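Novice: This is the structure I want to talk about, given as structure tokens.
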Amino acid sequence: MTNLVLFGPPGAGKGTQADILKEKYQLIHISTGDVFRNNIKNKTELGLNAKSYMDKGQLVPDEVTIKMLNAEVDKNEGAKGFIFDGFPRTAAQADALAELLKLKNTEVTAMIALEVDDEILVDRLLERGKTSGRKDDADESVIRNRIKVYYNETAVLKEYYKKQDKYYGVDGVGSIEEITQRLSAVIDKLQA
Ligand code: AMP
């Protein structure tokens, strides 16, 4: 299996690239943010629980997020592999992912990070907010909080996967096609 953690701050382009890469490599794309947003739309208990955190740009608690992620992975028995987008975001989530994949006799193949400067991120997210309908993209203070949360809580995962020799950084500035090419070069090497 090829199990990729697509990593990077909010607005780095993870969702856009995951949509392309899932087709190219026949992988299941799991975006925890998308799953939460669908649950909010359908007014489920999970959605109600997640909404207050998301609206403020804070992380949904690990316990809730990990349970949801496990269920999403279990829905896709027989998959060739996964692209995890927006997960893990904490060390506890990374540990839980390792455990889950171990039960399936597999592991995280690599973390591939899209590297983009903060000011570019804020501009991209404000631009996306004009059409995405996402409340957390519409307010600059919420955007800045999400970037702060990324550095305070999530960025440590770079070291987590570096220690396992699984970290690959990719320049996330350029055209969508250019960035897909850079990511594909890494994935092709991993699969060679
Ligand atoms: P995203 O679509 O990845 O930008 O996520 C949007 C929001 O969903 C985040 O700001 C968090 O509130 C929540 N969220 C998504 N994934 C996670 C996660 N792995 N852990 C905690 N909260 C998450």
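We number each residue from 1, going along the chain as drawn.
Heads up, the Cβ atoms here are built off N, Cα and C, so glycines get one too.
Values in this document were obtained by computation on a predicted structure and should not be read as measured data.
Found this in TrEMBL, in case it helps:
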- G11, A12, G13, K14, G15, T16, R128, G174: ATP binding site (BINDING)
- 31-60: region 'NMP' (REGION)
- T32, R37, Q58, L59, V60, G86, F87, P88, R89, Q93, R134, R146: AMP binding site (BINDING)
Novice: Just how many other Cβ atoms lie inside 10 Å of the Cβ on G174 (ATP binding site)?
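Specialist: I get 13 for this one.
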Novice: Using other CB atoms within 10 angstroms as the count, which residue among the binding-site residues A12, V60 scores least?
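Specialist: Ranked by other Cβ atoms within 10 Å, the binding-site residues A12, V60 bottom out at V60.
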Novice: Per the record, AMP is bound by T32, R37, Q58, L59, V60, G86, F87, P88, R89, Q93, R134, R146: how many Å separate the farthest pair of Cα atoms?
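Specialist: About 24 Å separates the two most distant Cα atoms.
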Novice: Could you tell me what the rest of the chain brings near the region 'NMP' (31-60), counting residues at least six beyond its ends with Cβ under 8 Å?
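Specialist: Sequence-distant neighbours of the region 'NMP' (31-60): 14-15, 18, 68-69, 72, 84-87, 89-90, 134-136, 142-143, 145-146, 149, 153.
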Novice: Between 0 and 100, where does the mean pLDDT of the region 'NMP' (31-60) sit?
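Specialist: Value for the region 'NMP' (31-60), mean pLDDT as a whole number: 97.
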Novice: Counting only residues 6+ apart in the same chain, whose Cβ is under 8 Å from the Cβ of F87 (AMP binding site)?
Specialist: V5, I30, T32, T65, L69, Q93, L97
Novice: Which state, by DSSP, holds G13 (ATP binding site): helix, strand or coil?
Specialist: coil
